[in-house]
Amino acid sequence: MLKMKGFEKCPPRKPFSKILWSWLGAFLGIYTISILNEKIHLNATDTLFLVGSFGASAVLIFAAPQADFSQPRNFLGGHVISALVGITIYKFLHFDIEVLSAIAVSVAIIVMHFTRTIHPPGGATALVAIVGSEQTHQLGYLFAFMPILLNSFVMFVIALVINNLSNNPKRHYPRYWF
């Protein structure tokens, strides 16, 4: 019980300039992959290529670009590996959707640990491979590359540009590559 008490104080608010850079990066990243979604699909309500886990990735790579979870290896690898895990589990295991969902996320975590690609939104990517639409399932392994790798790459390029435009020497991206 004592561990749950918490021993540190909440950190202070970040400087306004950091907040603005985070906003700009997230806006451009999500807007760009949203436009890609619209251009790739004829049906404007079909969001197959706009995967929700990228909202969480935007928070990491633009608001916390120095975090280990935000680095290229983690960001790109975590999404693609988790998508591959989710797709494989959906294709080869035949359990209730609830069981498949739990297996996909937990196995994705194990694989991300072993490959040193922990990216928390990757768990959501594995989950989408299970609970996604019939169109998601019809893509099969292609889902890992388009939209997942494509969206990851687009947001990564935007992160490289936006996170290095600031005059603040502490705001740079990435800390390390692979």
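Including glycine, each Cβ sits where the backbone N, Cα and C put it.
Lifted from TrEMBL, the feature list:
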- 12-174: domain 'HPP transmembrane region' (DOMAIN)
- 20-36: transmembrane segment (TRANSMEM)
- 48-64: transmembrane segment (TRANSMEM)
- 76-93: transmembrane segment (TRANSMEM)
- 100-119: transmembrane segment (TRANSMEM)
- 139-162: transmembrane segment (TRANSMEM)
Count the CB pairs under 8 A between the transmembrane segment (48-64) and each of 20-36, 76-93, 100-119, 139-162, then give me the winner.
20-36
Out of 20-36, 100-119, 139-162, what stretch is closest in contact terms to the transmembrane segment (76-93), meaning most Cβ pairs under 8 angstroms?
100-119
Residue list, the transmembrane segment (139-162) vs rest of chain: Cβ under 8 Å, 6 or more residues beyond ends.
21, 24-25, 28-29, 32-33, 36-37, 40, 48-51, 54, 57-58, 61-62, 65, 72, 75-76, 79-80, 83-84, 87, 91, 125, 129, 132, 173-174
